[in-house]
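The following features are taken from TrEMBL:
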type	residues	note
ACT_SITE	CYS232	active site, nucleophile
BINDING	CYS121, CYS122, CYS204, CYS207	[4Fe-4S] cluster binding site
DOMAIN	36-210	domain 'Phosphoadenosine phosphosulphate reductase'
Amino acid sequence: MSDSRETLAAELDQAFAELTPLERLTLLVERVEAPIVFTTSLGIEDQMLTHLIFTAKLPIVLKTLDTGRLFPESYTLWRETEEKYGRRIKAMYPQSEALEELVNDQGIDGFYYAPEFRKACCGVRKVEPLGRALAGAGGWITGLRRDQSANREGMEFVGYDAARGLIKANPLFDWTREEIRLFAEEAGVPVNPLHAQNFLSIGCAPCTRALQPGEPERAGRWWWEEETMRECGLHIEADGTVSRARLVPGHEHGDVAFERLAPGETPPKGPLA
Ligand code: SF4
């Protein structure tokens, strides 16, 4: 199975270059073993794909990861999209016991305290549910674009995800944000109103901020981790181990700062721990 899927991924990758996004989606339906799952984050790229899939009535399953920390605007958009197209976007939720353990351990906003805590939160709220969302799927569609960030430049239209054993396709990979914005405007695609307030990449509310003029598109996500690295030189010690950080008291949301823990000091568990 993996050989044939790997070969098919390479074929589709070649074919995609000459096709429109709708033709790409149609080709995936024709060639990739069902079910094909599209994981939407309800961002503008994903809304364009949702529009194409629902309008053309393609047999692709839409799923979204409800982390429990999304913006109210994202929930409203979710409902409005289902109402407009008359199709369901299925929800994937974190496992309740794992979520309780996470929050009881690191606090409700533990992700601000250290990169490991953030990764743990993403693990429980996003990564594990994503695994279940894709279990048994032959194909996985995403709304990734090549120019979103430097670490996406090495990606391709279609690849074989060896870890999950499925074909991963990015039908908007060569589209720019502006092209997608124009498409959405002309086609009447519902989009998140936060985009108009300079929230370009929208994820969980506590981990997303609006961009300042000139900032790259992904700068509004987990911005404090980069700040921490840049200002304090934290996290990687001379022996290669990762050090921990704690929140500076009195911080305000959107202006989070950390300071280094003393050697051997216990990492914070959260404000009330
Ligand atoms: S983006 Fe933030 S709130 Fe959302 S899962 Fe990751 S750390 Fe948790």
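Every residue gets a Cβ built from N, Cα and C, even glycine.
Remember, TrEMBL labels are computer predictions, not curated facts.
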Among CYS121, CYS122, CYS204, CYS207, the most crowded of the binding-site residues [Cβ within 10 Å]: CYS121
Where CYS204 ([4Fe-4S] cluster binding site) falls in three-state DSSP terms: strand
Residues within 8 Å of the CYS121, CYS122, CYS204, CYS207 Cβ centre (excluding the [4Fe-4S] cluster site residues themselves): THR67, ARG69, PHE111, ARG118, ARG125, LYS126, GLY203, PRO206, TRP222
